[in-house]
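According to TrEMBL, the feature site 'Transition state stabilizer' maps to ARG20, LYS27. According to TrEMBL, the feature site 'Positions MEP for the nucleophilic attack' maps to ARG158, LYS214.
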Amino acid sequence: MSIKVDQVVAIVPAAGVGSRMKADRPKQYLIIHGKTILEHTVAKLLSHPQVECVVIAVDDSDPYFSDLSISQNSRVIRVSGGKERADSVLSALDFLNEQQKSGWVMVHDAARPCLSSADIDKLIDSARSHPVGAILAAPVRDTMKRGMNGMIKQTVERADLWHALTPQMFRSDDLYTALSEALEQEVEITDEASALEWKGLSPALVIGCSDNFKITQPEDLALAEFYLSKNKE
Ligand code: C5P
């Protein structure tokens, strides 16, 4: 069975601990405007007309997910998270394989709740018209330095540098092959695109909105709160 031609399955790796948040629970379960960050993220994905369902990778010992109303949503599927982010994504792809579901998938970090519908549109259009797929990304604005022992070693040319954001959209079979081979060969994979790059492929870069940042540190919560209230207006 294929994912419907005009539809995409969203994969949300949500099995991380988010230790840099220094919170009493994984960051995806912190509350903003009465809902967890994970619920905001999933609601954003599910509200897009081209997202068929959301497969969420959650740690097996996670005590929080089952208390959320999204855990009862028929368009939300829980799978087991893995040791690293790439293992969690692979677990979601394994599930799709078991269901014999193939087609386009869009992997999105649980901790990026401020994703806009317009950016999802842009990503889908670009990925579908590209032979490999595409990722949302933001050109680097600041002058970049390479440091060593707290001192500047070198200024790095920023003209071609981008911040890789999510979602990142690929065909499920291509992503499965690239990720599983890379993990087997112990190649370090930090995002989905890096697995495809390792296979010699060049996904497209699609300029995404800076609102779509990843909540990482405690001070990021106020910014996310601001963007999420702006979206409600
Ligand atoms: O830690 P970081 O913010 O880079 O994690 C990116 C995403 O990957 C988060 O949504 C996190 O929950 C997820 N993750 C995961 N499984 C892991 C580690 C991280 O699903 N083992």
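From the backbone N, Cα and C atoms, a Cβ is placed for every residue, glycine too.
All TrEMBL annotations are machine predictions without curation.
Keep in mind the model is a prediction, meaning the values are calculated, not measured.
Locations of recorded TrEMBL features on the structure.
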{"residue": "ARG20", "record": "site 'Transition state stabilizer'", "Cβ neighbours (10 Å)": "12"}
{"residue": "LYS27", "record": "site 'Transition state stabilizer'", "Cβ neighbours (10 Å)": "26"}
{"residue": "ARG158", "record": "site 'Positions MEP for the nucleophilic attack'", "Cβ neighbours (10 Å)": "13"}
{"residue": "LYS214", "record": "site 'Positions MEP for the nucleophilic attack'", "Cβ neighbours (10 Å)": "18"}
Spatial neighbour of ARG20 (site 'Transition state stabilizer') that is closest, considering only the recorded sites LYS27, ARG158, LYS214 and their CA atoms: LYS27
Rounded distance in angstrom between the Cα atoms of LYS27 (site 'Transition state stabilizer') and LYS214 (site 'Positions MEP for the nucleophilic attack'): 11
Rounded inter-Cα distance in Å - ARG158 (site 'Positions MEP for the nucleophilic attack'), LYS214 (site 'Positions MEP for the nucleophilic attack'): 21
